[in-house]
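Per TrEMBL, domain 'Amino acid transporter transmembrane' is recorded for 70-461. The transmembrane segment feature in TrEMBL is assigned to 70-90, 97-116, 152-173, 185-209, 215-235, 293-316, 336-361, 382-402, 408-429, 441-465.
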Amino acid sequence: MVVNAASASPSSSSSCTIPETEDLRLQFDDAHHERAPLLLPTKIMDAADEKGERPDLSEDTAHQISVDPWYQVGFVLITGVNSAYVLGYSGSVMVPLGWIAGTCGFLLAAAISMYANALLARLHEVGGKRHIRYRDLAGHIYGRKIYGLTWALQYVNLFMINTGFIILAGQALKATYALFRDDGALKLPYCIAISGFVCALFAFGIPYLSALRVWLGFSTLFSLIYIVIVFVLSLRDGMATPARDYSIPGSHGIRIFTTIGAVADLVFAYNTGMLPEIQATIRPPVVKNMEKALWFQFTVGSLPLYAVTFMGYWAYGSSTSSYLLNNVKGPVWIKATANISAFLQTVIALHIFASPMYEFLDTKYGSGHGGPFAFHNMVFRVLVRGGYLTVNTLVAAVLPFLGDFMSLTGALSTFPLTFVLANHMYLMVKGHKLSAIQKSWHWLNVIGFSGLAVAAAVAAIRLIMLDSSTYHFFADI
């Protein structure tokens, strides 16, 4: 059975002067075959009808869209912000920047990121059409070439984030093992392989992003466990250590590169690089509800990040590790609980950032028939998602340099997608309504963040070269 897509109400941006292009599914994928979109539960459809907000179904996606309340989407965003990556910001951001620049950097990065994401959220409906993927939006505005470039940037970004998550999960497993045995038998590459396998098992059972639901609650619980434990143990260690060194390490030349890398990490901390895909899952009114989710992320959702980052740097100063649980002292079982929680939360968080790739694979190559747990669909997920995560795991094991992934990802993908492209697309769509001052402001963002992206990429590549000369492939670090 084929269900026709409900018409999405155009936003105010539908009056823009850019001509509406033909359906991107036909424009960019001529070989794409018709498929039946996933049916929504009757209760959800009936409830939406009563409110006059019937979710629109997409004929060119195998995943659910338009079914999630704003607070569920908010928890998706918070899960990304407070993933186990927060255990590294004390070392990767605060140590190179210090108290003043680091604190101001976090607050400024939050404000700029909130602004850029709000711009992107308001472009979700352009030309009378709702765009459920970042590349679809870019392709509608710019055409085929930028569609392809956006696709490449986004998936490089998400691939590297997923690889970093597997490294994080492996580090958490290794740290747990080291608490009980010091024989070094379980090395980091082995832990990374185990982590990749567990992430694959989770991916097989969660067909699409909206299906996370209760797992977002578990993710929040796991995040609170390791954040509270690290916060309390760091506070205790800081009070027991009266003198700490907060000087910024390295020579003047080295500090320039580490500062640029820290700025890239700041951008990485708040942004997903897949906002349109997350926004596609939210119920109408889409823009209004997405703005609620963003405010939730950048206010309440950012508090745990600040707490663990600032407390960790206060407690250990310039000696803060890139994985804060390696610094804290306390009972073995408490530290083991924190590490295991970090591992489990990472498995869930990875699924969020892998979901655009899963959606692409399911839509283009899936059967399009039967429910998500039909035997042939399960076999497809095992083979395709398993293969994708196998590649992720192999890269993670070969190059386990966590800080490098954070810096290079922020430089090559997060800067262009979140700041450069978002501001320029807003100019393209809304330019005829903006004043000269507003246009100048957006152009300043485009040029400024383009320059920062180039500088951050150079700094990250330099860091990778240094680490590559220090560590061998499959290093046990």
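Each residue, glycine too, has its Cβ placed from N, Cα and C.
Contact count against the transmembrane segment (336-361) (Cβ pairs under 8 Å) is highest for 70-90, out of 70-90, 408-429, 441-465.
Listed by sequence, the residues of this chain that lie at least six past the ends of the transmembrane segment (382-402) yet keep a Cβ under 8 A from its Cβ atoms are 88, 159, 162-164, 166-168, 170-171, 188-189, 192-193, 195-197, 199-200, 203-204, 322-323, 354, 357-358, 361-362, 365, 463-464, 467-468, 471, 473-475, 477. Between the transmembrane segment (97-116) and the transmembrane segment (185-209), the number of CB pairs under 8 angstroms, six or more residues apart, is fewer than three, so the stretches are not in contact.
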